[in-house]
Amino acid sequence: MAKPVKIALLGCGTVGTEVVRLLGEQAADLTARVGAPLELVGVAVRRPGRTRDTGIDPGLFTSDAMGLVQRDDVDVVIEVVGGIEPARTWLLEALKRGKGVVTANKALLAEDGAALHDAAAEAGADLFYEASVAGAIPLLRPLRESLHGDRVTRITGIVNGTTNFILSAMDATGASFTEALEEATALGYAEADPTADVEGFDAAAKAAILASLGFHSRVTAADVYREGITEVTATDVASAKGMGSTIKLLCIAERTGDAVTVRVHPAMIPRTHPLASVGDAFNAVFVEAEAAGQLMFYGRGAGGAPTASAVLGDLVAVARNRLSGARAPSESAYAKLTARPIGEVITRYHVCLDVADRAGVLATVAGVFARHGVSIATVNQAGRGNDAVLVIVTHKAPDAALAATVAELRTIDAVKAVASVLRVEGDL
Ligand code: NDP
Ligand code: HSE
């Protein structure tokens, strides 16, 4: 038997605790699969003196993550702390020293993945991050390896468990946004600061990672158009239901020629759409490729154990590589695509207006759409005393034209309020 592969674990929270549990419970199998034991030699946390039910020797805990990373006997560093700094400094140091790195840190990869990839390439070290997108779902490895002979054209998915949990609860039980968020946090799905989830930052980071891998180009979080779900109301959800639809926070990355558009926003999708039935904290991602056609990946996208499954999968791969002297394929970012703004995306809108119920209002509203070159697909009107609610679904148009239409609607007298604006995916 080869000598143990020594592991430093940075972070022992929701994910780290499960990594430790799986390392212990599956020690024999992991040893057999790797060809050497996996030995945890240190665990860096913020509060090392805290009582933890992990079964780890309390002497392994330290608050000195950098000291742990710099130990000569450490072969692999697993980072499940999160955030940009100090995680970036630790991981750059680990890679510089030739250690294998496994991380779940999508925020860091989406902001400064290039620095990590460059450091890994320079040192000939492995950098694995399957857990950073869609939890347990094997998704990055297929994009990074299996689909390298094909041309990916579009990636559409639900990649944030917390917001999917919230929207599913609002849809199924009429729960309020706040109630559903509290439950998602208690279940360990939400980030330490749930703003990252509900404002779409977490999904945008994942979208950037998916687009980078899928399109062989460096896409950062700054290239991703982002809207969260905090503006989605119970009325929107009910209105979607009334149209045989539901609302999901989607990430959509599209390649057109030498350009890429990547966006995260709530969208109305028909209940017949395969993503509509993705409930709870589950994630699902469609990958469309020229030769492969449509591929769908589905599974648990958040939570300690599912995420730890992906971390352990990466750990086994890195440990095997260390034993054989191999290294996984480097980042492939040769395509150098230009990121285009949301205004150039061709999409559809569902617009809900509170209007005065009098002669000529419909014509005035229709005129605004026409002025911006936006064709109306359907109009529904429900009377409400002297007022009416107009629900308009458009045909496809550039997002900039749709946005300009809504901006003008907000200025005309007959429109008392633009109650909601949602993009539409699929055929309503
Ligand atoms: P937690 O907040 O539960 O855990 C964070 C851990 O990091 C804690 O153990 C904390 O120590 C430790 N830590 C924080 N700051 C420091 C520091 N300065 N030095 C040393 N240790 C520190 O986070 P999660 O486990 O939920 O997430 C970890 C990573 O995994 C993040 O990048 C997240 O985005 C990613 N991820 C999370 C998923 C999930 O479902 N939770 C899913 C996929 C990815 P202490 O215990 O003392 O507080
Ligand atoms: N907070 C994230 C989510 C964890 O809800 O999807 C998984 O990355």
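The backbone N, Cα and C atoms fix where each Cβ goes, glycine too.
If you check TrEMBL, you get these features:
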type	residues	note
BINDING	Leu10, Gly11, Cys12, Gly13, Thr14, Val15, Gly16, Thr17	NADP(+) binding site
BINDING	Lys106	NADPH binding site
BINDING	Glu191	L-homoserine binding site
ACT_SITE	Lys206	active site, proton donor
DOMAIN	350-426	domain 'ACT'
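Structure coloured by features recorded in TrEMBL.
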| residue | record | Cβ within 10 Å |
| --- | --- | --- |
| Leu10 | NADP(+) binding site | 27 |
| Gly11 | NADP(+) binding site | 23 |
| Cys12 | NADP(+) binding site | 25 |
| Gly13 | NADP(+) binding site | 16 |
| Thr14 | NADP(+) binding site | 21 |
| Gly16 | NADP(+) binding site | 26 |
| Thr17 | NADP(+) binding site | 21 |
| Lys106 | NADPH binding site | 28 |
| Glu191 | L-homoserine binding site | 20 |
| Lys206 | active site, proton donor | 29 |
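With Gly13 (NADP(+) binding site) as the anchor, the candidate recorded positions are Lys106, Glu191, Lys206, and the one with the nearest CA is Glu191.
In this structure, the binding-site residues that sit close to ligand 1, with a C-beta under 6 angstroms from any of its atoms, are Gly11, Gly13, chosen from Gly11, Gly13, Thr17. Long-range Cβ neighbours of Val15 (NADP(+) binding site) (same chain, at least 6 residues apart, Cβ-Cβ under 8 Å): Val80, Ala104, Ala131, Gly304, Thr307, Ala308, Val311. Checking each of the binding-site residues (Leu10, Cys12, Thr14, Gly16, Thr17, Glu191) against Lys206 (active site, proton donor), the C-alpha distance stays within 10 Å for none of them.
According to its DSSP assignment, Val15 (NADP(+) binding site) is helical.
Among the recorded positions Thr14, Val15, Thr17, Lys206, not one has its Cβ under 6 Å from an atom of ligand 2. Apart from Leu10, Gly11, Cys12, Gly13, Thr14, Val15, Gly16, Thr17, the residues listed for NADP(+), the same chain places the Cβ atoms of Leu9, Glu18, Val19, Val45, Val80, Val81, Gly304 within 8 Å of the centroid of those Cβ atoms.
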